[in-house]
Amino acid sequence: EEPPHTGRLALYLLGLQASCPPISPHRSLVTWLKYYLEEEWTGEGQRGHPVTSYYQYGLGVLALCVHRKRVRDPVVQRLLTAQQHGKLGHGGNTVDTEAVLALAFTCLERRRLVGTELAAKLRLAAREASRNMAKAQGPDGIIGNIYSTPWALQVFLATGECQTEPAFGQAMAALLENLEAFGTAATMAQVLPVLHGHSYLDIASRHCGEEPDTLTPRDMEPLPEVPGNKTVQLVVECPLPWCYDLRLYDRLVPVPAAASLLDVLQAAAALDPREFRFQTQDTPQGPFLTQVLGLEARQEKRNYWQILSAPSTPLQMGIAEYRPPDGATVILRLSEW
């Protein structure tokens, strides 16, 4: 069966509220989101985790809170328990998931949508998440990766720690240096509130009557053409026990100088479709790599295709945004989380 569309519906409801909708409530959408949160914990969820991910589950709780809808205590408790037992993320980066949970916890506590005892626990959990954001900051100022950094900054803003936490200023500087990474609607939606000093929690308290009608279409400028060609070493690895070999593919792929990693994958498939093939899934953040050489990454199997710049640097952008330099080696590695 198709998994619940928890995250997508949650983002839609957040965007709907941010765009100052008509007075009539969107009851059917909110009802569907409540239904998805319950469906998340059936089937695979009976093993102790949601069907999709804690990230999507947390987004659902956050969206309901922003719409000032009460969430059942057991739903909130599942997130609280997952954070306390370190069950949130994959690939070594839990920043975005923990940040979403911290925003949801702060929203529920401030809107008084939970009881006093649970509210106190949520307040402590949000503070713990904020400390973890600071600990996850690298020497370049990025927290987790470039896409989780706006989430971490939203936590600092929502909890009021942006004035006292040194990591905030360093992360903001890193964000301003990497704005070119935010090229899709979903990633822009994460970074724009932060650039204006807001978090998603502020959506619930907006004064829509004071908003001027300034939304006008704007033509996007095409990316400048880069002359010449480049060569990228493309490697596919599967270190998991059931793979018949560690290195399944290793080949130089010639592409135009401005080619993205997605272009490199397409060029490799065009060179020999029998030797290299891949599949992607469209997401709000852009195309997501789901299958390489017939090996599929699946949520229920707790594995994913990790993308590395050799020898071991995780990719900080999506495959459609990242443009590997000439001579770079890119590793696609099937990994577990």
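One-based numbering along the chain as shown.
Note that Cβ sites are derived from N, Cα and C of the backbone, with glycine treated the same way.
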Among Cys65, Cys162, TrEMBL lists the disulphide partner of Cys107 as Cys65
Can you give me the Cα-Cα distance between Gln56 (cyanocob(III)alamin binding site) and Cys65 (disulfide bond) in Å, rounded to a whole number? 14
List the same-chain residues at least 6 positions away in sequence whose Cβ sits under 8 Å from the Cβ of Cys107 (disulfide bond), in sequence order, or say none. Leu62, Cys65, Val66, Leu113, Ala158, Leu201, Ala204
Within 10 angstroms of the C-beta of Cys65 (disulfide bond), what count of other C-beta atoms is obtained when all protein chains are considered? 26
Other than its own, how many Cβ atoms are within 10 Å of the Cβ belonging to Asn145 (cyanocob(III)alamin binding site)? 18
